[in-house]
Amino acid sequence: MSINNDDITPSDESQMSNEARESIYNPSRMSIIEDPYEKKQKILGVVYGIGLNVNNIIGSGIVTAPGIIWNMVKSPGIVLLLWLIGGIVTMSGSLSYVELGVIHKISGGETKYLQTAYPNPKIMMSYLFSFMHIFAIRPGIISAVLQSAAQYTWYTINGSSYDDDIKQDTSGWYLSFSPFWFTKLLAIIYLIIITGYHMINNRWANYINQTLAVIKLITYSIIALAGIYRLSSNWSVSRLNWVHPLGGNTNIAAYSASMLLIMFSYDGWNTLNYSLDEFRKPGKKLIFSNSISVGIVTLMYLLVNIAFFSVVPEEAISDNNQIDETIAATFFYKLFGKSAIVRIFTALIVLSVIGTAAVCVWTGSRVIVAAAASDFFPKYSKELRTWHHYFNTPTNALLLQFIWCSFIILFVGSSFTITSFTLFSTFSMYSYWIFYFATGIGLLVIRRNKKNETKKRQLDMDDKELNDNSSILSRISRGYEVPLPFAGIFILAGLFILVFSFVVHVECPKDNPNCDLKVKMVQQMAPLFISYGFLFIALIFWYSFYYWWDTLKAQKEAGVMRITNEEDKNSDINK
């Protein structure tokens, strides 16, 4: 059963007892902390919601991941099937989150949903997600997106691919300044610009982000249409990639790695769940915004992949030692040659990718605010949840996010042999799916608890109360509820990603046939180790600074109260 408070009129509410109202509005007895310092504007509707979702989902993944996935899976047909499966999983997750959004009707996303589903031990799951999202997931996504923007900027400036100028077979600390460190600093410059205009004005930030979303849709629509035109007009050449898959073998490791990159490309479908406080009538608008935007993105991704397969030649992809992370630049080069048009289009891709980073920055700051509202940051929660009195933006949360993302880009991205985009996207997305999986199961837990409590309330009511409230309860029971098969697809996808991501395939390059395969395997699994390393640190922080410290503080306060009561009692006796 789902709850839709929009269906309950004030007259209906007056007929309900306080206890029954508490059960219906808060069936899992979650303590929702409203932030008195926030002054939010209800600026989002269906059109804004679709634009925000599309802008956040379509980003660096679709212009970076296809070349990597094509190289691993070999067959264009299988690649398209994997992208379609990714769309189905995304739609399933999106519809599941609509139900969770309708129930809660507040910002925070998984921070609140996990708090509802797993309140014990002392909202540990909610705390772990907040920590991971703030310090690993969102910074990893932002870093991957900005790395892609910097690589395409390099192509726009130099007219050559980032991959042509660097072969990362060692950590970044041993590489030359250009292009490796140049792109790192450029990514941080982009982050400064994005954070700056989000600090200054919330409404104008939305206007800028919507404009970038329009640029993005136009750019990727051009890619899709140009590829389809090339496929139909030059079939004798364009069909070669379709009838002759890339040489080499494909194993389960290729599929699991590909799905992780595909889900990174689709990520952002839950954007609106982080900002429901700024959404007009979320119970009625969320389902349209989520489902329409995911449908648009899935179609766009399939068309863009068809375009790449029809234009980009096999030799640009099949080199195992030179993975093409700027496949869109290769695409435009094959269409227009070495002309200014190529650089214009790569510049448009840069703006498109920056648009995705902007929405990530926007939503990431809201998660920090929601976590601070739950007092997840001892001594600093008030500052991090506070919105600036003049700009009406979460400036402190944005500043914290900027500092930490800069650290991730410069130091974490320079410490491994894996390319920065692959490193950032893999560890952030694997970390995210740990909590997507937990949230999917949590939805079923919340649904079960709600049904049990509603049945209990109905049994506790006498006949008169039951008749008075039956119409209200029947309307509530008709609230949105995701079909069980979709929830099951979402949960099973999470299980596949979490288990099979540990299956990796490594081999020595041709120029070094006697390499240490154990070292290469550790490097390949480094993103997963980083993910679980952050999770372990999060667990330590939860116990040390939230569970143990909060328990100790409560005991001290209880001791002081007991002493005060005893002193008052003795004083009364002496009198």
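Even glycines carry a Cβ here, placed using N, Cα and C.
The feature transmembrane segment is assigned by TrEMBL to 46-69 (among others). Remote same-chain residues near the transmembrane segment (46-69) are listed as 79, 82, 144-145, 147-149, 151-152, 206, 209-210, 212-214, 216-217, 220, 258, 261-262, 264-269, 271-272, 279, 285-286, 288-290, 292-294, 296-297, 300-301, 304-305, 308, 312, 316-317, 323-328, 330, 349, 352-353, 355-360, 363, 421-422, 425 (criterion: CB distance under 8 Å, separation of at least six residues from the stretch ends).
The transmembrane segment feature in TrEMBL is assigned to 81-103 (among others).
Feature annotation from TrEMBL assigns transmembrane segment to 124-146 (among others).
Sequence-remote contacts of a segment are chain residues at least 6 beyond its ends whose Cβ falls under 8 Å from one of its Cβ atoms, and for the transmembrane segment (180-200) they are 142-143, 146-147, 149-151, 153-154, 162, 166, 168, 172, 208, 354, 357-358, 361-362, 365, 388, 391, 393, 395, 398-399, 401-402, 405-406, 409-410, 413-414, 420. What TrEMBL records for 180-200 (among others) is transmembrane segment.
Using a Cβ-Cβ cut-off under 8 Å and counting only residues 6 or more beyond its ends in the same chain, the transmembrane segment (212-232) has close neighbours at 51-52, 54-55, 58-59, 62, 238-239, 300, 303-304, 306-311, 328, 331, 335, 345, 348-349, 351-352, 354-356, 358. Annotation comment: TrEMBL describes 212-232 (among others) as transmembrane segment.
According to TrEMBL, the transmembrane segment annotation covers 252-269 (among others).
Taken from TrEMBL, the feature transmembrane segment applies to 290-312 (among others).
Under the heading transmembrane segment, TrEMBL lists 344-377 (among others).
The feature transmembrane segment is assigned by TrEMBL to 398-424 (among others). Sequence-distant contacts of the transmembrane segment (398-424), counting only residues of its own chain at least 6 positions beyond either end whose CB sits under 8 Å from a CB of the stretch, comprise 60, 64, 68, 134-135, 138-144, 146-148, 151, 168-173, 180, 184, 187-188, 191-192, 195, 198-199, 323, 325, 361, 364-365, 368, 384, 523-524, 526-527, 530.
As annotated by TrEMBL, transmembrane segment applies to 430-447 (among others).
Positions annotated as transmembrane segment by TrEMBL: 484-506 (among others). Same-chain residues lying 6+ beyond the ends of the transmembrane segment (484-506) with a Cβ under 8 Å from its Cβ atoms: 88-89, 91-93, 95-96, 251-257, 259-260, 263, 430, 433-434, 436-437, 440-441, 443-444, 517, 520-521, 524-525, 528.
Per TrEMBL, transmembrane segment is recorded for 526-549 (among others). Same-chain neighbours of the transmembrane segment (526-549): 121-122, 124, 127-128, 131-132, 135-136, 376, 378, 412, 416, 418, 422-423, 426-427, 430-431, 434, 501-502, counting only residues six or more beyond its ends whose CB sits under 8 Å from a CB of the stretch.
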Selected stretch (most C-beta pairs under 8 A with the transmembrane segment (290-312)) from 81-103, 252-269, 344-377, 430-447: 81-103
Considering the transmembrane segment (430-447), which listed stretch of 81-103, 252-269, 344-377 counts the most C-beta pairs under 8 Å: 81-103
For the transmembrane segment (81-103), sequence-distant contacts whose Cβ falls under 8 Å of one of its Cβ atoms, 6 or more beyond its ends: 2-4, 69, 73, 109, 113, 116, 255, 258-259, 262-263, 265-266, 269-270, 272-273, 276, 282-283, 286-287, 290-291, 294-295, 297-298, 301-302, 305, 436, 439-440, 443, 446-447, 450, 479-483, 486-487, 489-490, 493
